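A.B. asks: My structure is below; once you've seen it, I'll send some questions.
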Ligand code: GDP
Ligand code: IMO
Ligand code: MG
């Protein structure tokens, strides 16, 4: 059984928690795109883990974890994670596989990412500064350095030297920033090659075999569907395919082998970074959700922009992903509110908009059409059965299902593994 679990908003939907819960019955969990821009939080036995590159199945001792070739891998960030997990008692030997085809994030990618943002002024994207855009740019330009190059010292030296020489041109002449010395980077990456060698594998053939053996496989998305480079809110997106298609191209598991797509969505909406956000709440109201939901970035610590649930966004995401099921997270965050709104669709220049717009000038002008719901004003965080949810909460969730057109499979009511309701 191959299941894709991905975010259907702008990221931070709670994918990490849901992957961890479902990984209790999985043989393999695979990250298929993105890089250390992701921050996936898992709370297991009272300990909180924030994972950036390692799949969120890692806390289940029997689950193997694969970093697929669609990921851009920052070795420094990965080693920090490996060391932290080891310190907390999680052994990765023989359980973590890194695709030898994955591209590397180099220090100059981070330098370029940050320099571009700094120079961007009001045109900046609000990236995480983790070098994601420049790393995927090198991949698409066919000058990227891959994980397998780490094991070939001469080739690695040659590639780093060539790339740094062109990066220095850009740094010097476009950003008027200091040059980078190749020697230090070469030494650093040669050392990564030695340390990471035991994890580097032909992950694609491992996964093909796992599919053949009918293993239970989870493909874990990072970011969210609206941050997809192709169908997201371009240019305010990340540089990879975060939607279901990316799970196949980024793992090497053929599309026809995928059995199920689960879309994870928050019971409201958040976004980090720039770009239009139709249901964004004004400062004071947004603050209430931000405080209650602890909406601060898991990677950058930035306050997340908060707003009401946007059914236009999730409906669009569910369609392009072919979502079979939704998981609603953070329902408990709405517990105290007297009134809750849902955006059912948009009006543009006085007329209803039939489709989610491709043009960000249109999206920044749309008027959300709201329905208002009475809040339940009761604690849901210890509820474990659907029938024990307050009636007003059930009504709210039923309306989300109806508006998105996809059934809800699970509802999360707190960060812990145990705080999950399965809807029959
Ligand atoms: P991801 O990037 O999609 O994995 O999500 P993040 O980890 O960045 O953000 C989700 C945050 O919400 C984390 O701090 C989680 O521990 C927390 N969380 C997940 N599910 C729930 C829930 O149902 N209720 C509450 N209150 N917090 C949750
Ligand atoms: P997870 O996996 C939320 C956003 C950044 C920025 C845009 C581009 O934890 O859900 P990038 O660094 O990727 O070039 O930034 O994408 N972004 C995320 N927002 N959650 C994430 O990951 C994100 N990863 C990137 O804030 O707006
Ligand atoms: Mg996150």
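Note that Cβ sites are derived from N, Cα and C of the backbone, with glycine treated the same way.
Since the structure is predicted, the reported quantities are computational estimates derived from the model, not experimental observations.
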A.B. asks: Taking TrEMBL at its word that 12, 13, 14, 15, 37, 38, 39, 40, 142, 223, 238, 302 bind IMP, choose the one of 127, 128, 161 listed for that site.
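C.D. replies: Answer per TrEMBL: 128.
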A.B. asks: Run through the Cβ atoms and count how many others sit within 10 Å of the one on residue 11 (GTP binding site).
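C.D. replies: Excluding its own Cβ, the number within 10 Å is 27.
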A.B. asks: Take the C-alpha atoms of residue 302 (IMP binding site) and residue 139 (active site) and report the distance between them in angstrom, rounded.
C.D. replies: 28
A.B. asks: Is any of the recorded positions 12, 301, 413 within 10 Å of residue 37 (IMP binding site) (Cα-Cα), and if so, which, in sequence order?
C.D. replies: none
A.B. asks: Reduced to three states, what secondary structure does DSSP give residue 17 (GTP binding site)?
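C.D. replies: It is helical.
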A.B. asks: Say we define neighbours as other CB atoms within 10 Å of the CB. Which of the binding-site residues 223, 299 has the fewest?
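C.D. replies: Among the binding-site residues 223, 299, the sparsest Cβ neighbourhood within 10 Å belongs to 299.
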A.B. asks: Where's the emptiest Cβ shell within 10 Å among the recorded positions 17, 40, 139, 302, 304?
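C.D. replies: Per-residue Cβ counts within 10 Å for the recorded positions 17, 40, 139, 302, 304 bottom out at 302.
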A.B. asks: Compile a sequence-ordered list of residues in the same chain as residue 39 (Mg(2+) binding site), six or more apart from it, whose Cβ lies below 8 A from its Cβ; state 'none' when nothing qualifies.
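C.D. replies: For residue 39 (Mg(2+) binding site), the qualifying residues are 12, 50, 51, 52, 297, 298, 299.
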